């Protein structure tokens, strides 16, 4: 059995119902565009609010200014023996705590929302549930722009994050995109590659926003206009959904509606029982564990920004944006090329293994970096860091019947929301606790997650090979 073949019988027929949506590439382009627009808005909002929080907290703590400043606008002190350096650490600790509160406020409600809205797309169709996360981001951007305009304290912004969390966040948008992809492709390498392409469009949105955020703050001389731009982009995404996005799941292929409790229970079936003789629960458990560990290792975005703004780097807002752009651009291009290239000679699970290895090495290097040049080489070393997650999504989707794709991606979305929350909270807590000891410890911790993922990848490869051998024996008999 090739890696293109599904372990679920007749799964290759799942795209027979999509009709006109399969006639061209426009469905992929539209879905990818919506995801890209949402991520542009979400990440732009994140970058701007993090830098707004840094400046606001600094002014709240030291209204007369810090003792010394390098002149880059971040209140960064290079000399570690000065009082200004201690003040800088205090500001970073306070912002880390604020980031934790915002993460909890947005991600706790999103866990329960994602469990249901993505799964119910198997019942009521995909298009309806694509609107929820964009509406939440639009409303949050509006509230944040009001908060910035009236110069509210940072504690006021925490409920704004909760509002967005109640809509499912970007996690729901990504999960709904993957449901569309499962409707439009066959299981195996075709779907894994399509998932990789969609996650790249996701990263392109991040790339553009990280590139523009610093310049927008600099040239608009503030934070209000960038947040308003974030809102406008989200509205554009909503218009695209309403006018152009096709429905890929017709009535004939939808599963019956079930109560919420039963629906939530259905999400656990992948990890508690065997959904087929070949797709046993241990394959799902291993795949989701690798996914979780990889996601955990990527949970230090806010910390990375603080790391760059602080000593010894003392980067400006623009430079932080440029670095984020370079890192994302390298990751986007490398992911597509590596997935396409490695699919000629190996499996999704082996590609995930390569990704985990490069991610671990890049995080270790980031932890020991002490010059800007060393930081710029981090994305080069971690060229395959983003491979593991799409490969694990593809692996689990390949093992899942057509009428359970929404439930699968709903369960992954719920897990991703939990990991997004705990990973960010853990990273900020570790950074806040160790910043005075050694600022790079948090990256060593995240590298440890990848080392465990490497071990699990090797186990998964062995078990997938065993499942294929069993399938071949059944076919031959």
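Residue positions begin at 1 at the first shown residue.
Yeah, the Cβs are placed from backbone N, Cα and C, and that goes for glycine too.
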Candidate ranges 85-107, 223-245 [criterion: TrEMBL lists as transmembrane segment]: 223-245
The transmembrane segment (351-368) in contact with the transmembrane segment (156-181), cutoff 8 A, at least 3 CB pairs, sep 6+: no
Maximum Cβ pairs under 8 Å to the transmembrane segment (156-181) - stretch from the list 193-217, 408-431, 437-461: 408-431
Remote residues contacting the transmembrane segment (193-217) - C-beta distance under 8 A, at least 6 residues beyond either end: 28, 31-33, 35-44, 47-48, 51, 170, 174, 177-178, 181, 184-185, 223, 225-226, 229, 316-322, 324-325, 328-329, 331-332, 335-336, 339-340, 343, 386-387, 389-391, 393-394, 397
Same-chain residue ranges lying at least 6 outside the transmembrane segment (223-245) that approach it to Cβ under 8 Å: 30-31, 33-34, 37-38, 40-42, 44-45, 48-49, 51-52, 127, 130-131, 134-135, 137-138, 141-142, 144-145, 148-149, 212-213, 216-217
Folded-back contacts onto the transmembrane segment (374-396), same chain, C-beta under 8 angstroms, at least six residues removed: 178, 191-192, 195-196, 199, 203, 270, 283-284, 287-288, 290-291, 294-295, 298, 308, 313, 323, 326-327, 330-331, 334-335, 338-339, 348-349, 351-359, 361-363, 365-366, 368, 408-409, 412, 453, 457, 460, 464
